[in-house]
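Reviewing the structure listed below.
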Amino acid sequence: MSSPQSGPPPAADPALRLDPDVAAALKRDDAGLVAAIVQQYDTLEVLMLGWMDEEALRRTLTTGRVTFYSRSRREYWRKGDTSGHTQWVKSVSLDCDGDALLVAVDQVGAACHTGTRTCFDGRELDAVTGNRDDTVAAGSSAAGSSADGSKEG
């Protein structure tokens, strides 16, 4: 079992370890961590991003509460233990590459340490946006056609 550098040692009791198939599917960063995107289960609102190692994921899967690993404090923590803003696990999914988790939760109170519902409130960046209708998908039979259907050169 891999733990973040300077993190706690792996659980000695095999019964307390993450399922080996799940552990094998995880692709960790250099510190042994995987990004965990937290999303409100019913509205699909993205609430926050946290980090998990195998032990944090095991605790999340077995306790019904989300557990993270703090990169700065080098310790485990659960949202709500001090604030009361608890995250109740509804489901956990591993992405296709194994390097990110999607944790669907029922969030009680604010998800962000700043007191806002989500960590993504109010900091939208300027970005050029597009519409699907503006660009024809590459390889489509309409690619290279003008509005009247004739081929553009």
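Cβ coordinates are placed from backbone N, Cα and C, and glycine is handled just like the others.
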Among ranges 110-131, 132-153, whichever one TrEMBL labels region 'Disordered':
132-153
Rounded to a whole angstrom, what is the C-alpha distance between ASP99 (Mg(2+) binding site) and CYS112 (Zn(2+) binding site)?
23
For the domain 'Phosphoribosyl-AMP cyclohydrolase' (48-120), DSSP counts of helix, strand and coil?
10 helix, 30 strand, 33 coil
Can you tell me the CA-to-CA distance separating ASP95 (Mg(2+) binding site) and CYS119 (Zn(2+) binding site), as a whole number of Å?
21
Take the mean position of the Cβ atoms of ASP95, ASP97, ASP99, the recorded Mg(2+) site. Which other residues of that chain put their Cβ within 8 Å of it?
LYS27, LEU94, CYS96, GLY98, ALA100
